[in-house]
Amino acid sequence: MPHYFYDGRDLHGALESHYDYGLVVLSIAIAGLASYAALSVAGRIRAADSRHKHRIWLLAGSLTMGGGVWAMHFIAMLALKLPMAISYDVKITILSTAPVVLSSGVMLEVISRPKISKLILLASLLMGLGIGAMHYIGMAAMQGISRRLVMLFEPRLAALSVLTAVVLSGVALSIDFIVERNPKGRHTLGAKIGAALVLGFAVSGMHYSGMAATYFFAGDGAPAGTASALNTPALVFWVSFTSVLIASLAIFITIVDRRIQQATFEEAVSRFRMREAIESIPDGFCLFDTEDRLVECNQRYREIMNFGVPIAPGMTFEAIMRGAVRAGLIVVAEGEEASWLAERMARHRTPRENFVEHFRGDRWMRVSERRVWNTGTVAIRTDITELKQTEIELSRAIEEAQKARAVAEEANNAKSAFLANMSHELRTPMNAIIGYSEMLLEEAGHELFAGDLLKIHASAVHLLAIINEILDLSKIEAGKMELCLEEIHLPSVLDEVASTVRPIIDKNTNTLSIRCPDNMAPLQTDLIKLRQILLNLLSNAGKFTHAGKIDFSVAVDSAEPEKDWIVFAVRDTGIGMSRDQVDKVFAPFTQADNSTTRQYGGTGLGLTITKKFCEMMGGTISVDSKPGAGSLFVVKLPLAIGR
């Protein structure tokens, strides 16, 4: 078949042609699909972790792209309809695939490289020339069946068709190169589809612009060599089916490979993170499989179980324990190694609770083992040497404290017994002194003696009160103070207490106000101790207040559903106390300061005994005070003790 370039001669005899647009659309779609498949394969070429995989993917991509471009060209040729029967030479048709397969390989090799370079221009040029060579070699395979077919090519349009393929190939490859290396990885799929469409249009544009540059004429005589020609319409179906199948298979394989590689990468990352997490554990960690072979352990475990042989995965638990015992790492009584190992193996196979192992160098390890179903045994070894030493020291301290407590209790009991005995011994002569002073006051007729007798009587009464307080405190400390419960009428008790403290209050020109509900129910309590509590509070208020006010109030608190309380509040405008003084006001033999004792007197036992009595009766006492602003004492007792 002669081939000529069109030289401007008359086109009167040119054959009229038209296209089957269905096949045109099919050819463009196949070009785009093949381009997408090739670009997908390029991604796998980049991700290949070995030279062997790199070559396999490169070959697959070259055949996919080359076969797709050839299929597009052949279907587009079949879409051309001329007013004469056409067939295709088999050898030339097969030969036309070589340029595009080779150029596709070069293109894929270039765009799979990590850095962009001038080679991408070379790849674009070779891809365009490969497409052009495939096209015009394929055109040479056309031949008439009944008459000879003559083709003339318009040089400028032919060159433009090749240039179109080169430019669009460069654009497509640049898009793919830039998008695939985008660090943010966004819009990759859409950009790849766009690059595939551009590359597909490069192939299609080259073909159809090349066809526009071709004029067909019917020559004289019969064609030669049509025995091996392709002229069956079934070629459209088989070429289309094969090319789509190959491209789809390539896309499928690249997707599967990408996901496998992603899964492998994620697994590697997961294992790395797990390894880092295990190594970050401050304790010794190890994992044994169901056959008691070591699967994983951290460096801390290797340091703890260092008996001279490197610990590596695959070692059995028994071998590790036996080596540790043989090397003296784990302290075992001499002659009991075999029984200890047997017991340790049994405990390892059926772990129940944590236990402690004694290591060389007086080190102690707490072992925590757990059996995981169908996995093996997880163990944690924690160095508790400091804790063990602290425990030993604490045990010694507790023992010493118990001994000291016993000595202190013995001394306190001796003190209480001494105070009780001395109080009893002193009360008899003091009562005698009080009695004789009262008798002498009644019989003394001279005022000169009456003053001295009154001083003797007052001092004796004061000393007897001190002795009684000491005796009460010793009974409380010895646990011999008991409650004597009875039902009392509170208003009458308050009148009695007020009468008793009235002299102290009047002496310091204070005013006393008492507020008590009129409908108070009978109170079940210890009368003596309640009276002592109220006397101590009101006496202190009267003693430490000068020309001031003392407010004594009684109220019932029913806030709790199952228990009622009676609340006594004594507020004064006296000298008050600082925070430090409030903190120690209930301590025995304690007053605000030494000057208070010298100025106001007292033993410092009144509030101590008051607090003890409140606690004995199931109540509480609290204080709120500020220097120069007075004090508020609040006593809260059950309305019915023992109910």
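From the backbone N, Cα and C atoms, a Cβ is placed for every residue, glycine too.
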Any idea which of 92-112, 302-322, 323-343 is down as transmembrane segment in TrEMBL?
92-112
Please find, within the list 353-383, 384-414, 570-600, the residue stretch that TrEMBL describes as coiled coil.
384-414
Mind checking which residues reach the transmembrane segment (57-80)? Cβ under 8 Å, same chain, six or more beyond either end.
17, 19-24, 26-28, 30-31, 33-35, 37-38, 41-42, 44-45, 48, 86, 88, 93, 96-97, 100-105, 107-109, 112, 131, 134-135, 138-139, 142, 200, 203-204, 207-208, 211, 233, 235-236, 239-240, 242-243, 246-247, 250, 253
